[in-house]
Amino acid sequence: MSQTPVNPVPQHVAIIMDGNGRWAQERRLPRLAGHNAGAKAVERTLKAAQKAGVKVLTLYAFSTENWTRPQEEIAGLFKLLAQTLSRYTQQADKYGVRLLVSGEREPLPPAILNQIDHAVSSTAHNTRFTLNLALNYGARQEIVHAVNALLREDKKEITVQDISQHLYQPDLPDPELIIRTSGEERLSNFLLWQAAYSEFYFSPVLWPDFDEAEFERALAAYRVRRRRFGGV
Ligand code: IPE
Ligand code: IPE
Ligand code: MG
């Protein structure tokens, strides 16, 4: 019998933070109360990831499809985002965190874009940890963005490496582990290219209840996955 593998701690963990609405609904609260509670879970998870030795955390905060939600919810989400971004930018140096934002700029309002640019440029020198926020993010749009960049370079033929190098964050390693909360088991247009050999962990926990213990369970599950990469 072959031995149980022991994978090292993943360098890059990506999370589809899902279930805020259902968390609020269970408590007869407005959906925005769920998003507020979700922002607290982000803070817990960031600390847990740093403690565990993870180097990069990508968080799916707003998808290109989330614009179909009620205007009031979108406005609330962006207000919360502005508050969170401002707090993280202020604290980033203390924790050695570099902020990255991945997604399309259109149709984000100029105020948010300025805040994003400031957050990214003023934390660029930090090297201990990378927090990559997927915001107005869609994986199909990201691949199209890469192909268009290559067309502008007049490429006649492209390689796998060419596409990888023209994604939003060409310098980040692919995520070894992708977590989705709330019991849903789908990618919802997240990291289609980068997930080619990711391990998946689907957690029944709703995002606002996600904590260090559940993050540790995901890491423990990952640790013993047999990753074959097409080999034997
Ligand atoms: C995830 O929670 C947060 C965002 C998509 C912004 P949801 O808002 O999707 O929560 P559910 O899926 O309705 O419970
Ligand atoms: C995915 O969650 C997007 C984010 C977590 C930001 P959704 O709640 O939007 O996904 P679907 O609609 O259930 O697939
Ligand atoms: Mg959802």
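Here the Cβ of each residue, glycine as well, is placed from N, Cα and C on the backbone.
Here's what TrEMBL has on this protein:
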- Asp18: active site (ACT_SITE)
- Asn66: active site, proton acceptor (ACT_SITE)
- Asp18, Glu199: Mg(2+) binding site (BINDING)
- 19-23, Arg31, His35, 63-65, Trp67, Arg69, Arg180, 186-188: substrate binding site (BINDING)
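Features recorded in TrEMBL, as mapped to the structure shown.
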residue: Asp18; record: active site; contacts (Cβ under 8 Å, 6+ apart): Arg180, Thr181, Ser182, Glu184, Leu206, Trp207
residue: Gly19; record: substrate binding site; contacts (Cβ under 8 Å, 6+ apart): Gly34, Thr181, Ser182, Gly183, Val205, Leu206, Trp207, Pro208
residue: Trp23; record: substrate binding site; contacts (Cβ under 8 Å, 6+ apart): Gly34, Ala37, Gly38, Leu206, Trp207, Pro208, Asp209
residue: His35; record: substrate binding site; contacts (Cβ under 8 Å, 6+ apart): Asn20, Ala24, Glu73, Gly76, Leu77, Leu80
residue: Thr64; record: substrate binding site; contacts (Cβ under 8 Å, 6+ apart): Gly103, Glu104, Asn136, Tyr137, Gly138, Gln141, Asn189
residue: Asn66; record: active site, proton acceptor; contacts (Cβ under 8 Å, 6+ apart): Ile74, Leu77
residue: Trp67; record: substrate binding site; contacts (Cβ under 8 Å, 6+ apart): Ile74, Pro107
residue: Leu187; record: substrate binding site; contacts (Cβ under 8 Å, 6+ apart): Ile16, Ala139, Ile178, Ala195
residue: Glu199; record: Mg(2+) binding site; contacts (Cβ under 8 Å, 6+ apart): Glu176, Leu177, Ile178, Tyr222, Arg225, Arg227
> From Asp18, Gly21, His35, Thr64, Trp67, Glu199, which recorded positions have a C-beta atom under 6 Å away from some atom of ligand 2?
Replying inline: Asp18
> How many other Cβ atoms are found within 10 Å of the Cβ atom of Arg180 (substrate binding site), counting all protein chains shown?
Replying inline: 23
>> Using Cβ atoms only, which residues of the same chain lie under 8 Å from Gly21 (substrate binding site) while being at least 6 residues apart in sequence?
In response: Arg31, Gly34
>> I'd like to verify something. Among the recorded positions Asp18, Gly19, Arg180, Glu199, which ones have a C-beta closer than 6 angstroms to some atom of ligand 1?
In response: Asp18, Gly19
>> Near ligand 3, meaning Cβ under 6 Å from any of its atoms: which of the recorded positions Asp18, His35, Asn66 fit that description?
In response: Asp18
> Once the DSSP letters are reduced so that anything not helix or strand counts as coil, what is Glu199 (Mg(2+) binding site)?
Replying inline: strand
>> Quick check: in three-state DSSP terms, what is His35 (substrate binding site)?
In response: helix
